[in-house]
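**Q** The structure's right below; bear with me while I get my questions together.
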């Protein structure tokens, strides 16, 4: 009996060792690429991205490798966001989450059943490194809303850019609760970092993204999007024991809008939306810009507002219009003449006895024509003698 137990324990120990090896091993599908190339070959993962330069959409796409982005929340929206940025060749991704992958997450995109039980940041880092080994992946497995961890989060986003000691270029919020959004808002206001807030509604049929520039646009404490759009208190949305709905379609669309605007900001092309919503029921995409609240509860937001107001505002360029006296069209086949607005209008001479006072005819009516006279005139013009109708009938019968 003891021998069988020892054998089982040995098998269990062997399986544990194998499992740990699988957890720590990272698959590398290809060698790292030092420089992006626009060469159109099957082995170049960046050829389709670099084509944006050839089509004059982006001036220098390779600058994306100099950018560092922090993603807070690696769930339905955050994991897809990280996947898209990795495929786009971002320089560095910093992932924050403290949750684990569960089978209940499988209705969303990105994660697979064999990753159940792993921390989300660990599972994401393995998959992303396999997709694109050129991207630097940094993970942080803790809750940013606690006092101790908030300080670590604050330091990380302010000093963990690609250059040591430099802040990240952009922060993307993909969390699902009010407290985490407020923590990100406070950290970005304090560090004066631009960031995107994103979210999907509890019923899974609407989403939004909001680009927040401290001092210039409303921060999350100034006007939370759901409070503005639907008059809902966001603190009531995340409730214990209540299962929120989720659709991979809504998650994917929201993540796509988020990454699209992040790329436009990082690579300086197109127009970045300050607020962009999505309603899946009628495919409605509202846009708006929210001004900061002068009485915001966040003291760093008020400080950034003062700094923004003190900056010299760019002057609008006035374009001088060149006015030419020459006619726009030299030819005038139709004899059209331009008349000044103050030119006198010729009055019609038509009899207007039946027209009410203060009115005039729009055109001159033709004179009434006597049909009998016109017929007789036609006969004369035809050179025929004037003959009565009875004579004509008699002539026809005699023929």
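Placement of Cβ uses the backbone N, Cα and C atoms for every residue, glycine included.
Relevant sequence annotations retrieved from Swiss-Prot are reproduced here:
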type	residues	note
ACT_SITE	243	active site, glycyl thioester intermediate
BINDING	76, 97, 120, 143, 177	ATP binding site
BINDING	219, 222, 296, 301	Zn(2+) binding site
**Q** Near the Cβ of residue 177 (ATP binding site), how many other Cβ atoms are there if near means within 10 Å?
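**A** Other Cβ atoms found within 10 Å: 15.
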**Q** Counting every protein chain present, what is the number of Cβ atoms, excluding its own, within 10 Å of the Cβ of residue 76 (ATP binding site)?
**A** 26
**Q** In whole Å, note down how far the CA of residue 222 (Zn(2+) binding site) lies from the CA of residue 97 (ATP binding site).
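**A** Just about 25 Å between their Cα atoms.
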**Q** Spatially, and counting Cα to Cα, which of the binding-site residues is closest to residue 177 (ATP binding site)? Options: 219, 296, 301.
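**A** Checking each of 219, 296, 301 against residue 177 (ATP binding site), the shortest Cα distance is to 219.
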**Q** Of these binding-site residues, 296, 301, which scores lowest on Cβ atoms within 10 Å?
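**A** Per-residue Cβ counts within 10 Å for the binding-site residues 296, 301 bottom out at 296.
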**Q** Please work out the number of neighbouring Cβ atoms within 10 Å of the Cβ of residue 120 (ATP binding site), leaving out its own Cβ.
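**A** Its Cβ has 26 other Cβ atoms within 10 Å.
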**Q** Could you check the binding-site residues 97, 143, 219, 222 and say which one's CB has the fewest neighbouring CB atoms inside 10 Å?
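**A** Across 97, 143, 219, 222, these binding-site residues, the one with fewest Cβ atoms within 10 Å is 143.
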**Q** Tell me the Cα distance separating residue 143 (ATP binding site) from residue 296 (Zn(2+) binding site), rounded to the nearest angstrom.
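**A** Distance between the two Cα atoms comes out at 25 Å.
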**Q** Work out the three-state DSSP category of residue 97 (ATP binding site).
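**A** Once the DSSP labels are grouped into three classes, residue 97 (ATP binding site) ends up as coil.
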**Q** Cα-Cα, whole number of Å: residue 120 (ATP binding site) versus residue 222 (Zn(2+) binding site)?
**A** 31
